[in-house]
Each structure stands twice: as C-alpha cells, then as structure tokens.
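Undergrad: One structure coming up, written as structure tokens, with questions to follow.
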Amino acid sequence: MKSYEHDGVDLEDGKTRDKPTLRKIPNQALLSGLAYCVSSCSMILVNKFVLSSYNFNAGIFLMLYQNFVSVIIVMALSLMGLITTEPLTLRLIKVWFPVNVIFVGMLITSMFSLKYINVAMVTVLKNVTNVITAVGEMYLFNKHHDNKVWLALFLMIISAVSGGITDLSFNAVGYAWQIANCFLTASYSLTLRKTMDTAKQVTQSGNLNEFSMVLLNNTLSLPLGLILSFAFNEIDYLYNTPLLRLPSFWIVMTLSGLLGLAISFTSMWFLHQTGATTYSLVGSLNKIPLSIAGIVLFHVPTSLQNSASILFGLVAGVVFARAKMREKS
C-alpha cells in the first residue's frame, strides 16, 4: 500500500503494475488519473474502516476474501472474452510461487499495521520501503543513484523517525508490522522483475500481462492465506464473531475487494494514457489527500509536531519521485 517505480513496475497497497496493452482512448488522461486516485485512496480507507471501526480481528481473512473477489471477476471477464489471461500451468506456478509468498506476506503485514496505526503515519512509514529498495538495488544490482535521490531518502527517514516520536496514538505492535511490511514490499519489488522475465519464458504467448499477474498472484494467495488463517487462529474468531452475520459488513468487505481490483484496472488505464513518470508523481501527490482524509474521517488525535512530520514525509515522497524522474532522464 506504497507508490514507487522499480524498472517499470509500480507497487501500490500491495498490487502489481506492468505496462498495459489496452487501446488508447483520446482525452482520457484526467479521467483515468482521477479514477486511479479515488480507487487507491478508497481502498486504504475502506480497509481501515473494516479493521478499526468494525474492530475486525481477522486481517488474513480480509485479504483472502478480497483476493477471492478479484479472482472471480478476472475469471468471469476472461470467460466473456473481454480480457486475455495466460493459463495457470504448473511450470508458471512453480516460477511464480516464491514471489507470491512475499506478496502474501506484504498484504498481510499491511493489514495488521493498518489496524493499529493511523492512515497518515502508515503512508509516511511506507516511504522507508524506498530506502530499503534503493540500498537493495545498490548491493544486488550495482545500481547507483544520484545525490538528490539519496537526499530525498534521507528526508524520508527523518520524517518517519520524527513522526513515530510525535505520534500521539503510537502502537509498538503496529509499527513492528509496518517495518516488516517495508522489508517485504522492498523484497517483492527487487525480485519481481527477474521473476517476470523468467515467467514470460514459460507462458504460451511469451508474455505476461496485467490481468494474468492479477489472476496468478490472487489465485496462488488463496491456499496460502487459508493456511495462515488457521495458523493465526482466525477460524475460531470467525466462527464466533457476530460481524459475519451482518449484511452491511459483507457489503463493505466486498467493496474493498472490488476497489482492490479497481486499482489494477485504473492504474493500467492511467499508465496507458500518460506514462510512468506522471504515474509515479501522481502516486506520490495522492498520499497528501489520503493522509488528510485518514486523520479527519477516523478522528485521529494529532499534534502540531506530528502533523509537521507527516507533511514533511509527504513532501519528501514528492521530492523523491521528482529526483527519480531526473535520474531516469
């Protein structure tokens, strides 16, 4: 639930982005950008609402249900011939499974951290992922960044530390889950490109589009999520909680699953209408209204120092996006 680009692959709320293949619709850049921003913000806010306002203590099951909704819709669209997906062969599953384990861990830790930490601080702390990714690129791929990128990353660290110190609703458990999420998200980013290149070699078409990756990631996450749900003893909780007997709760959960899939579609649409540079910058700017909405909607207690730290972190994210653009150009 993070916005940064890694060799043409962008990650946002634990989802995979790749270059789209849809036919370009003229004069749709503004509409596609708005749709992407709304779906991205809404997904995190709805998840926060389910986990905190409903006090739902089964984050793994929530992830499982969202991914199940995505699988059903993508398969239905594929059967109707509206989209094309690669067959999930055993060879493809073997190649993709290791990165899928990281993907599942990334989504689950994101759910757990979001339950205990307010949306604005989650957004700022996710910037640490960029730091870990940059260090990983340097040591694993011998990729060097210019001084402006490192300055932006340093500002992100300062904002995360100062934000944690001044956080009036600080929760050590939530921060531990978020740190784990940062490492898993960075690992997913660092391993995804190589896995994608290998996976393309074992597909029938020699390609792996966005819809195929959504179907592949979400389908493989179902049995793994079910096992983890048993391991974390969520089954007993689900059996006893009255929330699952509320139709309104199922509507909100289904909405979260639809929004998760909407992020994949709208990001692909927006990328096709604009480009990776605009997409990355808008993703960083999108965190600003998201943070404000999170504070206002969930009545988060804050202080001037904490608000300043959050704003500082959001600005650092924009500076980082601009520095990466200059580096690429």
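Just so it is clear, glycine is given a Cβ too, placed from its N, Cα and C backbone atoms.
Found this in TrEMBL, in case it helps:
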DOMAIN    31-312  domain 'Sugar phosphate transporter'
TRANSMEM  29-46  transmembrane segment
TRANSMEM  58-83  transmembrane segment
TRANSMEM  95-114  transmembrane segment
TRANSMEM  149-166  transmembrane segment
TRANSMEM  172-190  transmembrane segment
TRANSMEM  211-232  transmembrane segment
TRANSMEM  248-271  transmembrane segment
TRANSMEM  278-298  transmembrane segment
TRANSMEM  304-323  transmembrane segment
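Help me understand the surroundings of these features in the structure.
TA: Sequence-distant neighbours of the transmembrane segment (58-83) (same chain, 6+ residues past either end, Cβ-Cβ under 8 Å): 47, 50-51, 104, 107-108, 111-112, 115, 211, 214-215, 217-219, 221-222, 225-226, 228-229, 232, 234, 237-238, 241, 253-254, 256-258, 260-261, 264.
Remote same-chain residues near the transmembrane segment (95-114) are listed as 1, 13-14, 16, 44, 47-48, 51-52, 59-60, 62-63, 122, 125, 174-175, 177-178, 180-181, 184-185, 187-188, 191-192, 195, 198-199, 202, 216-217, 220-221, 224-225, 228 (criterion: CB distance under 8 Å, separation of at least six residues from the stretch ends).
Here the transmembrane segment (211-232) has long-range neighbours at 15-16, 18, 58, 60-61, 63-64, 67-68, 70-71, 74-75, 77-78, 83-86, 88, 92-93, 96-97, 100-101, 103-104, 107-108, 196, 203, 261, 264, meaning same-chain residues at least 6 beyond its ends whose C-beta is under 8 angstroms from one of its own.
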Undergrad: Between 0 and 100, where does the mean pLDDT of the domain 'Sugar phosphate transporter' (31-312) sit?
TA: 91
Undergrad: Six or more residues beyond either end and a Cβ under 8 Å away: which residues meet both conditions relative to the transmembrane segment (29-46)?
TA: 1, 12-13, 114, 119, 122, 252, 255-256, 259-260, 262-263, 266-267, 269-270, 272-274, 278, 282-283, 286, 289-290, 293-294, 297
